[in-house]
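Peer 1: To start, I am sharing the structure in question, which I have written as structure tokens.
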């Protein structure tokens, strides 16, 4: 077991959190969204209805690390970030952007919603909770600097970045242009192995054609969008599934195994990457 340190990129104070590395859960946003009901305060019963009372299996009684999705920003975003929720359910931890650091792997969680211009310029009927974000350009610039610095200084065998929005996807929303422009070059330059996201309600694996990065979408834990797909002939597409399911990742010093499952636990797609010391290639 590894002792993992947690660093909030927006806070100079470092909070140390011990856990068994193999036993963490990653949330890619909108975990507290049930039937489009948003979390409106730290006292909202939606937290227990959408999280505590849902993830009751013994295998899920472990630490969860989550980022915010775009729907989360349409409720009380700061309530979702509040440590009061952790007091209600100790498994829960949600921050804007942070690092889970271990000797074997480093996982950087990135707040991707502020990158998307349309949420600011054309929010339609939605009202977003932008407290702590504006001015947007300053927030994004600082975040990118922190991500680049963390990746550059990392000596981890595996580098993983997690965000809500996809960089590359053949699902409903497709690629997120702002992330492809601003975040992806940093990931490529620093030999990131995996970028994991939600947003599109599907399961998906795309291999980057210009680097070893694997783009992994796992957004089908609740509602799935059947038949909502584009460009299935896209170069690099390894797997796409438009039903409900989830993804797992197993890491050793030399091997990474990615597996996608349907709602019954049947493996739909499995992929392995192998490394030698100092090697960033995958097979």
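We count from 1, first residue shown onward.
Even glycines carry a Cβ here, placed using N, Cα and C.
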Peer 1: Would you identify which residue of 43, 126, 199, 201 TrEMBL lists as part of the Fe cation 2 site it also attributes to 70, 164?
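Peer 2: Record source TrEMBL; matching candidate: 199.
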Peer 1: Where's the emptiest Cβ shell within 10 Å among the binding-site residues 164, 201?
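Peer 2: Among the binding-site residues 164, 201, the lowest count of other Cβ atoms within 10 Å belongs to 201.
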Peer 1: Could you count the residues of the domain 'Calcineurin-like phosphoesterase' (58-202) that DSSP puts in helix, in strand and in coil?
Peer 2: 54 helix, 24 strand, 67 coil
Peer 1: Could you measure between residue 70 (Fe cation 2 binding site) and residue 201 (Fe cation 1 binding site) for me? Cα positions, answer in whole angstrom.
Peer 2: 13
